[in-house]
Amino acid sequence: MAEISYYDADLTDALDKLNDIMSKLPKAPPGVRPEMLNNAEKKLKEIIELRKGYQLALRQAPREQAKQFREKFEDHCARVEELTGEVKWAKSEQERSGLFGERTASGKTAKGGAPMGNKEMLDKALDVQKKTEQSLMSTQKMVEQSKEVAIATGEQLRDQRNQIVTITDEVMRMEDNLQRADRLIRTFARRMATDRVILFFTFLVFVGIAAIVVYKSVNPNDKTFYVPDEVTPPNPVTLYNKTVTAINNTINGS
């Protein structure tokens with residue numbers, strides 16, 4: 001709120017000062033007018049900068065506070081446009097009066113102090129016209145060159161924009177691939193963890209069975225664990241007796 005008030009007061013004061021300068025300018029002596037016009041142009045630049053700051057402060061202020069100064073800002077803008085037109089008109093009049101003053105002074109006397117004739121004045125006017133045409137042609141060439149530079153700059157900016165779009169698409173594609181790879185790695189890690197758990201429990205079961213079988217082999221009469229006969233290792237004595245019997249039967253049979 002305070003910032004907007006400061007801009008409003010400064011802009012009002014600057015507009016009043018510029019208005020005072022422009023009101024005194026027509027009545028000022030010819031020798032003082034250029035200096036007054038220069039001061040008016042400086043004050044106009046200051047006013048334009050104040051208007052920009054005023055507008056920025058309005059945008060940043062809360063809606064209710066900005067609403068109170070919106071109408072004043074529009075009035076100030078109207079005064080700025082009006083005084084800008086007056087300064088431009090005064091500047092053009094000053095340049096025109098200076099141009100005609102130089103022509104009048106040059107037309108009063110010729111070489112030797114004699115008045116210039118119609119032919120000499122016409123030649124002088126033609127010379128001024130030629131210089132003006134040359135200046136216009138030079139300005140036109142500069143404008144054409146500026147257009148060419150602007151077109152080339154626009155093409156470069158367009159190419160750079162296309163490159164940026166391509167790079168952005170490539171980065172987005174790489175980001176998608178990285179996210180997909182991350183999901184695959186996490187899934188694979190979970191599967192590996194599950195497989196390891198399964199293998200661990202399988203190993204425990206195998207070790208337990210092997211331990212029971214070994215224990216049963218060492219202690220065949222122990223009934224603590226039930227082990228099927230199919231997985232119980234044969235008694236060496238029994239196996240020996242069966243082998244000897246089988247061999248004897250084979251010999252006797254032959």
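In case you wondered, yes, glycine gets a Cβ from its N, Cα and C as well.
Where the annotation comes from TrEMBL, it is an automatic prediction and has not been curated.
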From the ranges 17-44, 45-72, 73-100, 157-184, grab the one TrEMBL calls coiled coil. 157-184
Pull the DSSP breakdown for the domain 'T-SNARE coiled-coil homology' (126-188) and write it out as helix, strand, coil residue counts. 63 helix, 0 strand, 0 coil
